[in-house]
Amino acid sequence: MARGNFSRVTEFILLGLSDTRELQLLFFTLFLLAYVMVLLGNLLIIVTVRTEPKLSSPMYFLLCHLSFIDICYTSVTAPRVLADLLLGHKAIAFEGCMAQLFFLHFVGSSEMFLLTVMAFDRYTAICRPLHYTAIMARGACWALVAACWLGGFIHSIVQTLLVLQLPFCGPNTIPSYFCDVLPVVRLACADTALTEWLMASNSGLISLGCFLVLVASYALILAKVRAHVSQGHRKALSTCASHVMVVTLLFVPCIFTYLRPAGTLPSNKYVCVIYTTFSPMMNPLIYTLRSKEVKESMWRLRKRCRA
């Protein structure tokens, strides 16, 4: 059935972060710096892991994929935000809005699943070290990464289809700087109670479920480390601390945003900045500053590039 039977809206208006020109220029500068840091930091991690033989363990294999996902995730919203802040253009076509919504949830949920896989990797390395090589073989790692992308696609296509089946015939102003399911659903010219609960169950429960799995795995790791204190376990615990910081930055704002029906609380666009921009920006800093191997490998890469 044609989309015209459902919607008379051909574009949406993104209100952005501020109407004040001075603040828009300030936000443009901050977003530009954050986006450049995301690109350079995560590209540096990818190049370092791919060129350094000592970083061939499953943990760094997964870290390389996390960096790639962070680049994709931030690129879904950041270029559009930068253009809107600089040019003052706030309109986005209906098709563009749906595409942004789809890719945001596709890459974002894939990252959540990948972080869960990374927690499983650390749990296996610490709690089942004798079986670690067999469990986290390269083929198994590729299968887990593929499963993360597949899970993200299924989640995102469900979210997008739930939005597309709604009629949009009146208001088209989105009080945010990007298209997301909650602010878009509020504009529908229909009773969206069931759709809101389905979306909360989809995005919210995925966020909460992955978060609880991560918390449980790190609790088991902590119990193991406390029972068997050694230099190797201290090193593993330091790595887990980095993962916990990443998990907190990503999951807590997502749970706050999505684990509720759309009409219960007003959306907070500044909370969205945390998981769309700030978290991907902090990942390279968190992992490099707390990993001696990565810092040493980056130093060797720098020497090779200068030679």
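The backbone N, Cα and C atoms fix where each Cβ goes, and this holds for glycine too.
Keep in mind that what you see is a predicted model, and the values were worked out from it rather than measured.
TrEMBL lists 41-287 with the feature domain 'G-protein coupled receptors family 1 profile'.
Residues or ranges marked as transmembrane segment by TrEMBL: 25-47 (among others).
According to TrEMBL, the feature transmembrane segment maps to 59-78 (among others). Distant neighbours of the transmembrane segment (59-78): 31, 34-35, 38-39, 41-43, 45-46, 49-50, 100, 103-104, 107-108, 110-111, 114-115, 117-118, 121-122, 125, 138, 141, 145, 177-178, 239, 276-277, 280-281, 283-284, 287, 293-294; these residues of the same chain sit at least 6 beyond its ends, with a Cβ under 8 Å from one of its Cβ atoms.
The annotation transmembrane segment is assigned in TrEMBL to 98-120 (among others). Here the transmembrane segment (98-120) has long-range neighbours at 59, 62-63, 65-66, 69-70, 72-73, 76-77, 80, 92, 144-145, 147-149, 151-153, 155-157, 159-160, 163-164, 178-181, 184, 203, 206-207, 210, 213-214, 217-218, 243, 246-247, 250-251, 254, 275-276, meaning same-chain residues at least 6 beyond its ends whose C-beta is under 8 angstroms from one of its own.
Look at TrEMBL and you will find 140-158 (among others) tagged as transmembrane segment.
According to TrEMBL, the transmembrane segment annotation covers 204-225 (among others).
Nonlocal intrachain contacts for the transmembrane segment (237-258), taken as residues 6+ away from its ends with a CB within less than 8 angstroms of a stretch CB, comprise 59, 108, 111-112, 115, 118-119, 122, 126, 182, 199-200, 203-204, 207-208, 210-211, 214, 218, 221-222, 225, 267-268, 271-272, 274-275, 278-279, 282-283, 286-287, 290-291. Taken from TrEMBL, the feature transmembrane segment applies to 237-258 (among others).
The feature transmembrane segment is assigned by TrEMBL to 270-289 (among others).
For the transmembrane segment (270-289), the list of distant contacts is 17, 31, 34-35, 37-38, 41-42, 44-45, 63, 66-67, 70-71, 73-74, 76-78, 104, 108, 176-178, 180, 242, 245-246, 249-250, 253-254, 256-257, 295, 298: same-chain residues at least six beyond its ends, Cβ to Cβ under 8 Å. Residues of the same chain lying 6 or more positions beyond the ends of the transmembrane segment (140-158) and with a Cβ under 8 Å from any Cβ of it are 58, 61-62, 65, 102-111, 113-114, 117, 120, 202-203, 206.
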